[in-house]
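When I checked TrEMBL for this same protein, it listed these features:
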TRANSMEM  A:20-42  transmembrane segment
DOMAIN    A:22-440  domain 'DUF112'
TRANSMEM  A:54-74  transmembrane segment
TRANSMEM  A:111-134  transmembrane segment
TRANSMEM  A:146-164  transmembrane segment
TRANSMEM  A:171-191  transmembrane segment
TRANSMEM  A:211-230  transmembrane segment
TRANSMEM  A:250-272  transmembrane segment
TRANSMEM  A:321-345  transmembrane segment
TRANSMEM  A:357-383  transmembrane segment
TRANSMEM  A:421-445  transmembrane segment
TRANSMEM  A:473-490  transmembrane segment
Amino acid sequence: MVELTSVSGAFTLLSSDMNAWLYLLPGLAIGLIFGAMPGISITMAMAFALPATLYMDFLPAIVFLTAIYTGAGFGGSVPAVLMGIPGTSSAVATTFDGYPMARKGQHSEALGVALASSVIGCLASYVILFVLIVPISGVVLKLGPLEMFAVAVWGMLLLGSLAGTHMSRGLLAGTFGVLLGTVGMNTAGFVRGTMGIPWLLDGVPQIPAMMGLLAASQLIGLINTTYLIADEASRKISFKKILGGVQHTFRYPTIIFRGSLIGVIVGAIPGVGSSISNLLSYSETKRNASDGDTFGQGNPKGVIAAEAANSSSEGGAMATMLALGIPGGGATAILLAAFAMHNIVGGPSFIANNKDIVYAVIFSNFAQAMLLFVVGLGFVYVAGYVVRVPLRFLIPSVLVVSTFGAYAIEGSSAGPITLWVFSVLGWAMVRYGYPVAATVVGLLLGSLLEGNLLRTNQISGGDFIGYGLERPWALLIFALMLGSILLQAISKRRRAKVAALSAAQ
Amino acid sequence: MSTKSGRKVVWGHLILLAAIVGVVVAYLLDARSVSLRTNNLLLVQPAAFLAIVLAAFVLPGIFPRADAAEEVEATGETWGDLIRVFILIVALAGLAFSLEVIGFDIATFAFMVVALAVCGEKRWWVNLLFSALFTVFLIYGYGTITPFPFPLTIL
């Protein structure tokens, strides 16, 4: 599995080129700052830095960009914890428990937990990548549209079961999101639901819609509150508590391991990646936890599960990109662009001929993860001060920054208008008990679901069942999906029974 | 508001559900008017029907019994609180729709002044000073890191 000659070559490459190390720190810092700003995605941060890599050698350029990737991956969880704003779709599940923890005054612990889980998840994913890069690439090649559809449906159904007390509202929110996600031109060329608006041809702008549903709606709902954390004493930023959060994370090695494994496997699937892995990991942890009922109310296990999975998705996405030359998302697409700028084509031949470079990238990512811990500690300490800002200043400021971010992403008023529409929708949905996260994921997966369903229909000639029976990986995913939902229902019933018994005593 | 049979109507929820169902039905009709081919309706039609069925399951929650604890319009919320929320929503709409028309600088400053006042900042000089400084900082700060030039009027 591991070629020792190439490993030795990687060490030689890294020790002979100091430039590769020099770009680690600035890369992480850029990633952290950009990732923590609402509306600036990992992709944007990397796209912003891409031109600068043109004048670097290949290895330092890739190390610089992957450092931004790592930094921004964690940076997105800082606003997710402090303000309930997921910087990216991969931080959606972090808001479920991270934000309630912050509202309870446990923001320092939540940030410490998120940082430690991210670092460990990232490290674990690269260890798995180091050992399994060749077998993973073989598995990913076997996944067709039916398998992708199955994974996306799994993510959706899990959200329905995460919805809490009103399952019908959760499923309606998810289905509504899927429908909104199919607006515009589909892969077969049919244009629906655009109302004659040209920018809707490409679909509803996803990031502004996500920011509106999850963030702006929360802020509008907080207008009658003075501070994010009601208790003045709890607003203090404590380095000791951040470290306490870090220490707390190590009590749950199973959650971290499960999250990392889910992150690597799901992250390796192109187009699905971290936006589902964090939800899968969160849901699996909730199902297995004895205190699953407290998830969503500020349980640190939820933050650990989400962060371990979304950070380890980076390793999975890198596996697909390096092994197959297929970008799993925007960030790996930019890495491939950087490859092209240096006249290098990613894919099976790249791995076969340049194993030393691949291992050097993996080793530099070990170093990035370690360094992220140190830089991240300082960063979260400074960022934590946001809870001390009175909401009368914070609400308008964040709304304006989000509006600017929405404009920057779309390059026109389409972004801010979408943000506004979905803020109002999100505010109303939160008010009446609809899980907005289900709508967000539906919106993100709508076109993916439709595209893969159409492809499956074309390949199978309409015979879905006959075709499905010939696809063992699809059957395995469907079996896992059914098993996971069944287990979820059983554990829910068991928890309800225990709660009823303890209430009776 | 209670009905004769001892049930309440949660009007806000009713409006939200009507909006969701309205959008779903309008989208389904639009999609069907484009084409009835499988490649157009394979996902949209079943998903729309599912959404309508799920909405029917949600409907009873909009008319809870008068003595039910849940489904009360947010407790302790006054009309004044709701009006403030609506002013903020209208101000955000003003910001979104006017950015390119009157310039990011003026639109941002105007939104900040209104939103700060709505969110509870009573000192007018703090409001104006913070709004002006924040606008300048954001325009120049964000402008340097994003690839799109923001249309400006004054700055």
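Glycine is treated like the rest: Cβ placed from N, Cα and C.
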Considering only Cβ pairs within less than 8 angstroms, which of the stretches A:111-134, A:171-191, A:250-272, A:421-445, A:473-490 has the most against the transmembrane segment (A:357-383)?
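When the Cβ pairs under 8 Å are tallied, A:111-134 comes out ahead.
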Cβ under 8 Å to the transmembrane segment (A:211-230), counting only same-chain residues 6 or more beyond its ends: which ones?
38-39, 79, 82-86, 92, 95, 99, 102-105, 107, 386-388, 390-392, 394-395, 398-399, 402, 405-406, 418-427, 429-431, 436-437, 439-440, 443
Return yes if the transmembrane segment (A:250-272) and the transmembrane segment (A:54-74) have at least 3 CB pairs under 8 Å (sequence gap of 6 or more), otherwise no.
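Contact between the transmembrane segment (A:54-74) and the transmembrane segment (A:250-272): absent, because fewer than 3 Cβ pairs are under 8 Å.
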Does the chain bring the transmembrane segment (A:171-191) near the transmembrane segment (A:111-134), so that three or more CB pairs sit under 8 Å (pairs 6 or more apart in sequence)?
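Answer no: the transmembrane segment (A:171-191) and the transmembrane segment (A:111-134) share fewer than 3 Cβ pairs below 8 Å.
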Near the transmembrane segment (A:54-74), which residues from the same chain, at least 6 beyond its ends, have a CB less than 8 A from one of its CBs?
13-14, 17, 19-32, 34-35, 41-42, 45-46, 87-88, 90, 114-115, 118-119, 122, 274, 307, 310-311, 314, 318, 331, 334-335, 338-339, 341-342, 344, 357, 360-361, 364-365, 368-369, 372, 375-376
Near the transmembrane segment (A:111-134), which same-chain residues lie under 8 Å Cβ to Cβ, leaving out any that are not at least 6 residues past its ends?
1-2, 70, 73-74, 77-78, 80-82, 94, 98, 241-250, 256-257, 259-261, 263-264, 267, 300, 303-304, 306-316, 318-319, 322-323, 351, 358-359, 362, 365-366, 368-370, 372-373, 376-377, 380, 383-384
Mind looking up the mean pLDDT for the domain 'DUF112' (A:22-440) in the predicted model?
81
